[in-house]
């Protein structure tokens, strides 16, 4: 399966039990910041934004004072899982980023999608990739 198929079929799909509800944008990005696959709506990000995200995975709490920035949008960092998941909130939407061995699985949402639904979609694919040694 291509990386684009993972984004299209597993991240940008309808959320179980909520037909028509889906993430606003999604991507799979290498630890080096290279985009493996993304939705057409995923924001173009700066290398320093991805560097900050990677630093927070290695040094949890790094982004808390400044916020998580992606594509010029600032998200307030909320409780995640140190070294594994970063979650951010902005208004009625937010972001979930799951770290795997080689990649970051990113999902961005807006209402009516809930934070928990975004977490479920992103973390399910991230856990699967971890199981596959990715």
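Each Cβ is built from the backbone N, Cα and C atoms, and glycine gets one as well.
Per Swiss-Prot, the feature disulfide bond maps to 13-118; the stated evidence is a curator's inference. Sequence-distant contacts of residue 13 (disulfide bond), defined as residues of its own chain at least six apart whose C-beta falls under 8 angstroms from its C-beta, comprise 22, 121.
Residue 114 (phosphothreonine) falls outside any helix or strand according to DSSP and counts as coil. Sequence-distant neighbours of residue 114 (phosphothreonine): no residue of the same chain at least 6 apart has a C-beta under 8 Å from its C-beta. As annotated by Swiss-Prot, phosphothreonine applies to 114, with the evidence given as similarity to another entry.
Summarising model confidence by region, the motif 'Involved in PIP2 interaction' (84-100) averages a pLDDT of 98. Here Swiss-Prot flags 84-100 as motif 'Involved in PIP2 interaction'.
Packing against the motif 'Involved in PIP2 interaction' (84-100) from elsewhere in the chain are residues 24, 53, 56-57, 63, 67-68, 70, 73-78, 106-111, 113, 115, 118-119, 122-123, 125-127, 129-130, 134: each is 6 or more residues past its ends and has a CB under 8 Å from a CB in it. Counting residues per DSSP class in helix, strand and coil order gives 0 helix, 13 strand, 4 coil for the motif 'Involved in PIP2 interaction' (84-100). Shown in sequence order, 23, 94, 95, 96, 107, 108, 109 are the residues of the chain, 6+ apart in sequence, with a C-beta less than 8 angstroms from the C-beta of residue 118 (disulfide bond).
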